[in-house]
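Structure first, commentary second.
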Amino acid sequence: MDHPTTRRRRSSALHTAERWPITPFNRLFAPIYLLAVFALLYRHVTNLLLATSSPSSFTTTLALLVADFVLAFMWTTTQVFRMNPIRRREAVENLNDVVAEESELPGVDVFICTADPYKEPPLGVVNTALSVMAYDYPRDRLAVYVSDDGGSALTLFAFVEAAKFAARWLPFCERNRVVERNPAVYFGSNRGHPVDGEVEEIKTMYESMKHKVEHVVDAGKVDDQFIDGPKEREAFGKWSDKFTKHNHPTFIQVLLDSKNDRDVDGHVMPNLIYVSREKSSTSPHHFKAGALNVLLRVSATMTNQPIVLTLDCDMYSNDPATPRRAMCYLCDPNLGPENSAFVQFPQKYHGINENDIYAGEFQRLFQAMPMGADGLCGPHHVGTGCFFRRRAFFGSPSSPVEPEIPEVGPAHVVVGSVRSDSVLELAHRVAECNYENQTGWGSKIGYRYGSLVEDYYTGYRLHCEGWKSVFCCPQRPAFLGDAPISLADMLNQQKRWDIGLLEVAFSRFSTLTYGVRSSAGFLMSLGYCQNAFWPSWSIPVIVYSFLPQLAILNGLHIFPKATEPWFWLYPFLFLGAYAQDMLDFLLVGGTHQRWWSDQRIWLLRGLTCHLFAAVEYFLKYFLGIAAGFNVTSKVIDEEQSKRYDRGTFEFGVHSPMFVPPTAAALISLLALVHGLAVQVMTRGGGGWRDAPLLQLFVAGFGVVNGWPIYEAVGLRSDGGRMPVRTVVVSVALAWGCYVAAGFVLK
């Protein structure tokens, strides 16, 4: 019998799996392209051996060899995802055939993490929580835990108000079969909602809640006029002016209890629990991974549902049927429940401009690659929109790891209400900052510590232990979030990811060494290398952004001439890689223009966040200079938003990361003009055959991709133009590169 993942189509009562139609072409093209890659590397090695007497030739050939070797390695890791991609479709209507009663559906504990009420506005976090509380799922099987790592009374106040509003919002959504259950999205859309007294009343209630929350955030404190009753006064009385987001005790507040609280129609409400773990400047807190592990323990003592959904605070539910879609896989006996760890949904974003100028969709990372990995062990965990089996956090499928106390393990049966003294006492204890000392948390159980990208690292470790995963990508996005609309925010966010990825790549659990010997296997580990060594893209991008152009300016040929047979190898490699990449992009729903934006940002990352992340990582490794963790701002500047909607790049704030791409753009422009004017046009017709055509193409390609930089430097006068300071430093860097090249390349 064929293995399930190799069949053309596989069906079950709950879902179908279909192979990607372009797979045969990818399998045929890969060995042909690989032969061309070997030929190129052979040429570089041969030239290197012949260039030992010429320092300039040796230097340029060595640089090209290293750059092309990295490109070859990264291309190889990409092929893993092209060999057997799987597209799945779930049959939610058949779920009742497998799960006879609603009460038999697995319970879900939802984890939502936030850290700063000013960078992550509490109203947005509240809307995310309300959207999942209103799922089409038994309410007594839902518990929503909000982790507030900032320990802010402002966030707690927002959720106190949300609990009151939910009593009207949830039954309204059910009665009217509302699909957009984020109230801000529902009331802000123009889709012709029914206009009646109830709609207007609920909208008024939402606007009132919004006004209160925003007023409190603007004031920076919870005024007495907004505190309703002695219970709320007692809760907010726990805060002290001496508390900071880095030093405060544990706060756990049960806002809704499914056993006792009811909505306006008399139906049960889901559990809603606010958690702010104890933090101390003298104890490590392990960033988001530490917060999630606290939620794992706290939820185990209070509800301990077998399924855990992790969400970013800005990633709201866009489909109320999402839990049922996840259960089509988690409840399917044909998928092997004993070794299926999680169901990963793609990250999708709203508000992205027409051409997606910052490549915020991440079509390759969040759609193409997960589909490819689904044909192996399953998709990587990408931080949000993931339904975990709680058991997966406690050892391998065949060798469970028992926690330090049974009350935080997956088999614990909770007795009593979430508001009972005994339950709350234990919940507070397991949220203490020193609780994890001398335990397996972060190393053997829970989210794994050691990387800023705890999602990638934890998913990788689970696959190494023998767990599998599934990619679920319904036509209607399950979740929608906010993508950065500032170039600096986008690059800083990805620099943080890069540092975390390098922490995995060079750890004892490296994908190159540990992964290939684990249960994940060689191919899956090679696929993980695509992400782990993401920052290495900076090497070829830097080389090809500067070396060919500087060689033109110094009259040096580093590529074959048009009359040489080796010349045609380069167009084949370039066009083959780009055409295959574009085809992948289009097949997952992208457009030609968005693909162009994506490849331009790929080049930009190589000169910015990938480069700076590598520098920061090695400074930390060799000198002990640690990088801090910065929360990406979710606050939207109106002028920036307008420029973003117009498709205009944002360079308005000076950043060292803007300097290398600006210098590269200036050198490319100078090299192209110099090459056309001096090296080609002055030689007549015969000069074209001897001209450095490949170098001119590389320079021209840099100029075309650098157009937003030229606009920001000299053609714009708005607030997003390139700061003068950045331009001056970039010109100085470009001049320094030109002078240095004059010594090295001659």
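Cβ coordinates are placed from backbone N, Cα and C, and glycine is handled just like the others.
Less than 8 angstroms from the CB of D149 (active site) sit C113, T114, A115, K245, S276, R277, K279, H285, K288, A291, each of them six or more residues away in the same chain. Summarising the annotation, TrEMBL assigns active site to D149 (among others).
Close to D455 (active site) in the fold, though at least 6 residues off in sequence, lie H381, V382, G383, T384, C386, each with a CB less than 8 Å from its CB. The annotation active site is assigned in TrEMBL to D455 (among others).
Counting every protein chain shown, the number of other Cβ atoms lying within 10 Å of the Cβ of E120 (UDP-alpha-D-glucose binding site) is 24. Taken from TrEMBL, the feature UDP-alpha-D-glucose binding site covers K119, E120, D149.
The Cβ of K288 (Mn(2+) binding site) has 22 other Cβ atoms within 10 Å, all protein chains considered. TrEMBL lists K288, D312 with the feature Mn(2+) binding site.
For 28-45 (among others), the entry in TrEMBL reads transmembrane segment. Long-range contacts of the transmembrane segment (28-45) within the same chain: residues 61, 64-65, 68-69, 72, 75-76, 79, 82-83, 566, 569-570, 572-573, 576-577, 580, each at least 6 residues beyond the stretch ends and with a Cβ under 8 Å from a Cβ of the stretch.
Beyond the transmembrane segment (57-81), the same-chain residues lying 6 or more positions past its ends with a Cβ under 8 Å from any Cβ of the stretch are 26, 30, 33-34, 37, 40-41, 44-45, 47-48, 51, 368-369, 371-373, 376, 523-524, 526-527, 529-530, 533, 536-537, 539-540, 543-544, 547, 551, 556, 558, 577, 744-745. Marked as transmembrane segment by TrEMBL: 57-81 (among others).
Per TrEMBL, transmembrane segment is recorded for 541-560 (among others).
Taken from TrEMBL, the feature transmembrane segment covers 566-590 (among others).
For the transmembrane segment (602-623), same-chain residues at least 6 beyond its ends with a Cβ under 8 Å from one of its own Cβ atoms are 359, 491-492, 494-499, 502-503, 506, 534-538, 540-542, 545, 656-658, 660-661, 664, 705. Residues or ranges marked as transmembrane segment by TrEMBL: 602-623 (among others).
Taken from TrEMBL, the feature transmembrane segment covers 658-681 (among others).
As annotated by TrEMBL, transmembrane segment applies to 693-710 (among others).
Cβ atoms under 8 Å from those of the transmembrane segment (722-745) belong to residues 55-56, 59-60, 546, 550-551, 553-554, 556, 651-655, 658-660, 662-663, 666-667, 670, 709, 712-713 of the same chain, restricted to positions at least 6 beyond its ends. Look at TrEMBL and you will find 722-745 (among others) tagged as transmembrane segment.
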Open item on the list: Return only the integer: C-alpha distance in Å from E120 (UDP-alpha-D-glucose binding site) to D312 (Mn(2+) binding site).
Closed with: 10
Task: Pairwise CA distance, D312 (Mn(2+) binding site) versus K119 (UDP-alpha-D-glucose binding site), rounded so that it is a whole Å - done: 13
Open item on the list: Pairwise over K119, E120, D149, annotated as binding UDP-alpha-D-glucose, what's the top Cα to Cα distance to the nearest Å?
Closed with: 13
Open item on the list: For each of K119, D312, count the other CB atoms within 10 A of its CB; which of these binding-site residues has the top count?
Closed with: D312
